């Protein structure tokens, strides 16, 4: 399977951030971006309370008493975006007076085609299956522009792509 990934000249010269979760959907685009722009790419691991032994109070306190899955997804997505924007400011401050100085303008996401399909709103009897914070669930106030290189791929294609990139099987399975 052949994959094609290109970035505009502007993107290659700007700063990009991304979240990683130790899974294929975040690892593959992170590897792509690191190879494309090197030190102008920053990865953020956010403890959402279920990834590590020590649960994150921020996520759990915001979800306390919330039972509706769609509402939970929106809350979690909003928290993630808030954290990424705060981290972007920290990255900008740290990079001042270095060759990597500049505003963080881009947010890399591992949006897959099934995420897009499940989040689409159609007129008629069909309803949204579920909202993903990265597909139509982002706040209007988001200052970062999105890069979604996997948006038209299914997970099995992303795994294949990860193998081609030399990513260890433990991270792509």
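Each residue, glycine too, has its Cβ placed from N, Cα and C.
A TrEMBL annotation is a machine prediction, not a hand-curated record.
Residues belonging to the domain 'GMPS ATP-PPase' (1-173) score a mean pLDDT of 81 in the model. Residues annotated as domain 'GMPS ATP-PPase' in TrEMBL: 1-173.
The secondary structure of residue 21 (ATP binding site), as reduced to three states from DSSP, is coil rather than helix or strand. For 21, 22, 23, 24, 25, 26, 27, the entry in TrEMBL reads ATP binding site.
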For residue 23 (ATP binding site), the number of other Cβ atoms found within 10 Å of its own Cβ: 14
Cβ-based neighbourhood (8 Å from the centroid) of the ATP site, residues 21, 22, 23, 24, 25, 26, 27 excluded: 20, 28, 110, 171
